[in-house]
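Take a look at the structure below.
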Amino acid sequence: MPAAPGVDFISSFSPAVLLFTAGTPLTQSPLTSSTQCFTFPIINDNLVEVVEDIQFGLINPTGLIDPAGLNSQATVFINIDERAEFQLDMAAYTIAESGGALNVFALIANGAVLGIAIEVTVSTASSNPLSAVAPADYATSTMVFTFNPANSGPMLLSIPIVDDAVLESDETFRVVLSVNGPFAAVASAVNPFDSPVTILDNEAVRFNIALQSSEVPESAVNAVLVISPLDAIPGPSDLTLLVSTAPGTAAATMDFTPLSAVQVTFPVGASGPMTVNIRIIDDNFVEGRETFSVAVTSGDPRALISGSPATVAIIDDDRIIYGFTTGTYSVTEGSGPMTVTLRLEPGSGIPLTTFTALVSTTPGIATVPGDFTGLADFPVGFPALSVPGSTQDFFVSITNDAVPELTESFSLRVGTNDPDVLVATEFATCIINDDDRPVVGLQQIVYNVDEEMMPGQIEVCVQIFSPGSIPVPVSVDFTTQPGTAMAPMDYVALPVPNMVTFPAGSVTGTSRCVDITIINDNVLEMNGENFFVDITTSGNAVVSPGRDRATIIFAETNDLIVCNFDPTNGPTVVEDDTTVEVCIICNSNSLSPSSSITLQVISSGGSATGKAGLDYNAVTGNPPLVFTAGNTRQCVDVTILEDPIVENPETIILVAVPGAALPPGVSIGPGTTVTIQDDDALPIRIVPPPTDVPEGGGPALVCVEVVSGQLASGVTAVVNLATRGGSANAPADYTSVSMALTYNSGNTGNMLCISIPIEDDNVCENSETIFVDLTSTDPNAITVPPTSTSVTITDNDVAQVALTNADPNEFADGAYIVTECADEGFYFDISITNSVIKGPGVSCEISVETESGTAGSSCDYVTLDATCILDSSNSDCEFHIEILDDFTAEMTEYFFISLTSNDPTRCNIANDNITIRVIDDEDCDDEDVCGAFEMCEELRCPRNFTCRPIGPDIGDDPHFAVTLESGKTLCYTVQGEHGFAFNLISNQKVYMNAMFVPDRDREEVTWLGNMGIVVNNNGYKKSNMTKLRFEAIKNKIHVDDQMVLDARNIEKITIQNGKLTISEAPPMEGYKQPFVRVDLKDVELSFSVKFMTEHLDLYWHSTGQNLADSHGLIGQFFHHDVVLDEVRKILMIPGKEPVPIQRKPVWAFMEREAMDSSNYCWVAMNPGFQGEGLIDGTYFDYLVDDVLSTEFKFKKL
């Protein structure tokens, strides 16, 4: 191969000139010749190439060289000393087990290959004993690559890696590069040629996280987390998990010791579980069940953890322990309320919130309210964070009843509904120590005796003055004390002691007496000698002031003076008297002019409620009563107090005591009792019912209430409430009630009621009245106005009115059938079917009118316009409609009977529009042209009519329902061939197209199938159009061919200013047909699409002014010049003959909202099969390519 100048060698001459001169000696050679040399550099190009040569030639311009005799040509060969070095692209490879294949490249490390081909081999080889094994882990691969000038690499070897789904350590094998030939070598150690490959295992170690117990008591030291590997830990390294806690209702550091990324390391090969302890803190707070969570994570991809996080529930073991501080409390009756203390016991938990104990009392010997005020679940609160030993006091009111009695007791109980609370001392006994002692005194404090009296003894008595009975025995000691009379000369002294005893239970006025012997000493003495009798008691009783000593006065004469209360006045008084006069009579005529008797009258108890200051003013003896000679009668006034309390009779005890020293021979008699008769009565009145009672609305309540005043304990007041008939009668309308209502001291603030059952009688009637009267025969009760009221029963019955007794009674497809030739016509009744009418002025007024359909009034039947009055005397009305035989062959015709109620709330019509079908009795030769709708003009017969081709029977479900400018709704049907798309609406803003699909049962009947809407948002650039396509069978809505909506989840689609808004519907329950509303705001067009099983229904809500320039099968009726004439029942369209219309019920409006009035639409009757006579042109004029076409332009517009 020729060497290239400048590449393989450097030529410094071009050409080189050698000059030989004659006569020049050549010393280098013995030859007689001359030698010239030249040199040229060889370039070391570091290229691996074939042997190259350089050609030299001699040229003698003088021609002196003999080419034949000399070597004029020479060749120089350049032998190469380079070798190409090869290497792998990486010193080590790593690939995931799921990586698929490892790509290894062989490439030239040094040099370039020119002119020769070099073979390089790359192959796989096994590694150490833990290495990957072929073919289980990888596929053995070898590839020989040829490097040449046309292909200098790098060269690719792809080694398949096997994903074995085995949990194992990372594995290795080697990739080795080798070369062949003298011109190639493996790169030095600096460049890789034997590279290890590590396969990273992609199977994870499964760990299960669980708690030894998900609930631990607060006293437990630890919650134990168990981490269990379900597989042995693979190499090459240990696997570390991190454990952390997170607070829940339990707080870190307060309820447990938190963990944060605590390492748990499983060594290679380990398969047993490891545990982690979480310290539980046992506090003293009552806090209930608390939780925290513990999570296990790992940054090692080999770990697959389940059961994390786990929830630990700490079960609180602290309880509030409390109770009474003692089991017995005592109080003196007159010392005020009893203080009772509750205490949190040692060892009690600390409440975190206010803790409330509930205290209740139970009467024992002590009763409520006579001795104390009872408690029922009385709350006693301990504030939050109260520590053990904390106390809370509460008080029980003690009644100071001024009645001597034994020590009494009642019990206390404390409790709570809180399960975290324990009661240490649940019960306590409360003792009331009585401070009222029985009062005793001498019945008489002055005795006048005569020495000569017989039998020679005087009886001195002691009496109980305190109210009620005494609870314990009372002993009284009588002693005699000398005065001017001396024992034993004038009397016999009583022995010491000389006791009399009142047994327990003795009542007021009980007396005990002793006899004292008087000595008749037959000695003439002065009048007025005296001695004394004293009484003393034990500590459980007291002596009435002024009645602890009786004076015994001797008289030598029979002129003794005795002062007694006058029995003829004051024993009984009515409460409303201002005062009562009480008098004392003294036979004081024997008094000397210089002597006088001074007495004081004082009040000394009585019955329990007759206390001074409540029922009367206390009598204290001022002013005193003074008796002189001849003045034998003196009186005092006792003021009686009026109160509003109704109570039993009460008593006042009055006694006379000396106001000054009594003259000799004067004695005072026993006291007297005044009885107060109560004059109060509890005023009670009726509370009128607040509202009327509906007939089926349950019982009526009539109540009474107390106007003012109150009842004393144990006193009742009884009134009676009774019903009596008004316009309502028992038992037909209500159940009679007569009931006694009783008030006592505890319920005077309440209303007491009777319940009057009301009957539901299924009778249409006026409202009826019940009277209720309040009476009383109890003197404790007085009735005050109002004492009578009324209850109004409002009727709830609605009469159901219907057409009945039809004759003929043939009924099919929602209509009565009558034949045109029927001689007598159609007979029927209007009747009430569910109830009766009762009472004056109650009636149902029903208007009965006929309305024409395809049958014309006065042409096919005689018009009926009548009124039916149904009342208590008339339960039905009979009507007759004459059917006219017109002797014309025609199709079946129909008309309507319309029923209207003047008061739907009283009289409801079950079916207010009844269809009558008239079957023609003439034969028709050409059914296609006969039987068209005939227009009766000016009710003339026979009629002139035009036969049109018979259109489809739309029944009660038309294709289209369009709201006209007048607000009336036009319904019509156009039967096109199925499979073709046609235009509904077209204008500058919106295109709306649909496709006909066949009815599954009637091939000649079609419905609307798929439908498309194209809204032009800005001009006609396609990017500015919004497209909607509705699919009936799949319930799908396609938006711009980019989004598919499930119609069952959509409630409304709105397009405005190019913006599409989709409103989702609530979830549908059970089977329900989707109903999607579409609002095109820019053109003020609103309608709804109902997805039926195999077709779509359209319901129009509103059309705006922007649609007046529209066309299409629907759009052409948006024009202002389409007029619906209700009177003549025609639709007038410019350029067309009037189209007959009829108002009739339509199924579409029964399901949704009606555009005209309830459930009705104006139906175009018998247009051509494809709309002839109603629409512009025919159906074929509206065909378009598909439902999203925007190319429609009406050909005849």
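Counting begins at 1 with the first residue displayed.
Every residue, even glycine, has its Cβ placed from backbone N, Cα and C.
According to TrEMBL, the features are:
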DOMAIN    75-178  domain 'Calx-beta'
DOMAIN    195-297  domain 'Calx-beta'
DOMAIN    310-415  domain 'Calx-beta'
DOMAIN    428-536  domain 'Calx-beta'
DOMAIN    550-657  domain 'Calx-beta'
DOMAIN    672-775  domain 'Calx-beta'
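A mean pLDDT of 90 is what the model gives for the domain 'Calx-beta' (195-297). The stretch in closest packing with the domain 'Calx-beta' (310-415), judged by the count of Cβ pairs under 8 Å and taken from 75-178, 428-536, 550-657, is 428-536. For the domain 'Calx-beta' (550-657), residue counts in helix, strand and coil come to 3 helix, 56 strand, 49 coil, using DSSP.
Across the domain 'Calx-beta' (75-178), DSSP helix (H, G, I), strand (E, B) and coil residues number 0 helix, 57 strand, 47 coil.
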